[in-house]
Amino acid sequence: VCLSLSSKKTALEQLKHSVPCNTQLTPRQFQPWGRTRYLELMVVVDKEGFDTFGTSITNVTLEVIEIINLVDGLFSSVRLRVLLTVLEIWTEKNPISITKNITQVLHSFNRWRIQHGPAHIMHDVGCLFASACNRQHSSAVVSFAKHTYIETAVHVAHELGYVLGMEHDDEHCRCGNASKCIMNPKSTVSYGFSNCSTKYYFDFITSGQGQCLNNIPSSIARFVPQRCGNGVLEDREECDCGTEEQCKSDPCCDNTCRKKEGAICTSGQCCKDCKPLPEGVVCRKSTNPCDLPEYCNGTSEHCPEDVAKQDGTRCAADGYCYSGKCRSRTLQCKDIFGEKAQAAPLQCFEELNTKGDRFGNCWGDGTATKFQKCKLENVLCGRVQCTNIRHLPQTEDHSTIIQTPVGDTWCWGTEYHVGLDTSDAGVIKDGTRCGEKKICINRTFLMVCTGSHGCE
């Protein structure tokens with residue numbers, strides 16, 4: 001089970017009019033897919049899965065490789081490669097409790113992955129192959145050793161779909177002539193993503209959420225055999241167009257992994273008709289006020305590394321740029337309560353965040369760590385307080401919204417239940433402006449030094 005985004009009925013309604021239901025969108029119809037992207041996957045096999053295959057590390061490894069190869073093929077329609085970069089097998093005992101409560105298992109596995117996982121080896125998503133039936137929540141739990149290879153592969157693809165912004169298909173979604181596709185809410189073996197899933201993934205990429213998929217792996221993990229024709233550029237290859245059938249339609253690369261005569265480049269966002277695009281052509285548009293566009297340099301086929309404005313640059317009415325995103329209390333209130341919402345006045349933050357309870361604090365989860373009252377200088381860095389609320393948002397189970405009168409103002413806030421497998425929307429985000437040349441980091445104010453005058 002993975003986290004999924006909230007319902008996007010508007011996007012689906014638009015999709016009905018713009019894309020026929022029996023059409024499967026191809027990479028050529030969506031320009032963001034003009035290049036191949038790479039999802040680096042960590043797979044962990046639990047103790048029961050290890051025992052099922054005769055306590056043989058070799059057997060388990062071969063099983064996992066076979067399944068991930070099938071998953072890789074399922075994502076080919078959206079030009080996403082799924083590469084196994086980390087494989088860990090729990091041969092002695094499980095370091096987490098594996099129960100039939102999938103939500104709890106996912107929570108425990110995600111916490112283990114962050115705290116004890118192999119951080120030195122690059123991976124984008126962690127997947128637990130267990131006996132049970134964003135980097136913070138990029139995890140999945142998949143039942144292992146109880147199904148055929150293709151059934152398990154479709155299940156893995158379904159769970160990865162959540163991580164990539166996809167939601168369950170409804171009656172308007174089709175994959176070719178089939179009515180049940182990979183993201184169908186009912187368990188089924190399918191070989192394609194629907195037009196709806198394709199649209200969700202397109203939105204995910206164009207919104208800038210898939211940046212970790214843009215890096216081309218410098219070296220493929222030892223689990224993937226190096227060979228010409230696997231679609232991955234490897235040592236001593238000029239290009240790799242994939243299978244012989246795929247290479248027939250490639251104008252730049254041949255099936256021996258060499259450039260065709262006259263070809264200068266073969267792929268990349270800055271390569272067109274086998275030649276580099278001219279200098280100054282935009283290859284990656286800005287996705288938000290704090291992101292910068294990137295341009296082709298006229299010689300390389302690859303788009304330069306994604307860059308953003310300097311942390312501390314002003315954005316919006318009350319915001320600063322931080323890690324490529326515009327952070328402000330007003331924007332955070334809009335995310336929670338809708339476009340009409342505004343950040344509450346200072347008196348709301350002073351009144352509520354100095355209480356040290358689940359609705360107003362500067363640290364703690366109420367269980368392992370007690371809630372801590374905010375010091376006055378840090379009240380704008382505790383929990384967000386909002387006003388001008390016109391409607392209540394749809395929330396997760398066990399979530400609470402509170403309305404508190406302070407003077408003549410109604411202050412609105414949220415609480416967070418530590419057992420939920422979602423991020424805490426109500427805590428002030430790092431990088432949020434909390435005063436002149438001040439931002440919040442870890443719920444404490446920090447001075448911002450930018451430009452030639454620094455913090456003077």
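A Cβ is built for glycine as well, from the same backbone N, Cα and C atoms used for every other residue.
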- Message: Which one, C257, C265, C271, C303, is listed by TrEMBL as the other cysteine in the disulfide with C283?
- Response: C303
- Message: What whole-number Å value do you get for the CA-CA distance of C283 (disulfide bond) and E159 (active site)?
- Response: 30
- Query: Given E159 (active site) and C303 (disulfide bond), what distance in Å do their CA atoms have, once rounded to a whole number?
  - Reply: 30
- Including all protein chains shown, what's the count of other C-beta atoms within 10 A of the C-beta of C303 (disulfide bond)? 21
- How do the residues of the domain 'Disintegrin' (225-311) split into helix, strand and coil according to DSSP? 5 helix, 13 strand, 69 coil
